[in-house]
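Participant: Here it is, the structure, as structure tokens.
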Amino acid sequence: MARYSASKPLIDPSIPAPARAAPRRKAEFVAGQACAREALRLAGGPAVMPGRGDDHAPIWPPGMVGSISHSKGCAIAVAARQSRYLGLGIDIERLQTESSARKIAPQILGESELRQLPEAGRAFLVSLAFSAKESLFKALYPAVQQFQSFHAAAFSFDGDRQQACLELAVDWSAQWRRGQRFPIRFFCRDGFILTCTAIAAISCRSEMSG
């Protein structure tokens, strides 16, 4: 994870920032690329910066998968070998306030999802749901090549076990069908929530052959 700001950006001459971007956008781009390069190195891949497709999604080196996220002065990335994971998605967000959570909740959660959320701690759960869906979208996008709405996956949370899960509410592709479930890893730190969706290649091969 890297910290950055427009006034004090992460300086790395080897990472060319978008020429016409605003200072904040340049700062987050450089920080994200630096994190991605380090994540690739730690995963045993080439210590290079991922490319960028026409859809602005990162293009990872052959045989590697990964994800990048940035929010409010923080950037983070994760990478792994494709032989281990079919998809990886990571997302970092500022925790929502009570008022902001009330405003965005209907945009990211359906009526049935909202009914299941307890009033106590709702701002945290809305923050978790928002970030979880972002991480799932990133993990599956390379396979489906299509952007999905927040209502394309249903969020649930087991308070006793502190476990979050997403279930596809519609068919995303021939492989990723309605009803498939994905556990979401998460933790909070310094006012941020971080979520990760990791789709193991072994489990995917087992499902397709079963």
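Placement of Cβ uses the backbone N, Cα and C atoms for every residue, glycine included.
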Participant: Per TrEMBL, which one of D54, D91, D158 shares the CoA site with R25, S69, H70, E134, K138?
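Facilitator: Looking through D54, D91, D158, the residue TrEMBL assigns to the CoA site is D91.
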Participant: Which site among D91, E93, E134 has the most other CB atoms no more than 10 Å from its CB, taking these as binding-site residues?
Facilitator: D91
Participant: Based on Cβ atoms within 10 Å, give me the single least packed residue among the binding-site residues R25, H70, K138.
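Facilitator: Across R25, H70, K138, these binding-site residues, the one with fewest Cβ atoms within 10 Å is R25.
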Participant: Can you name the residues of this chain that are 6 or more positions from S69 (CoA binding site) yet have a C-beta less than 8 Å from its C-beta?
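Facilitator: When sequence neighbours closer than 6 are ignored, S69 (CoA binding site) has G32, A75, I76, A77, I90, D91, I92, E134, S135, K138 within Cβ distance under 8 Å.
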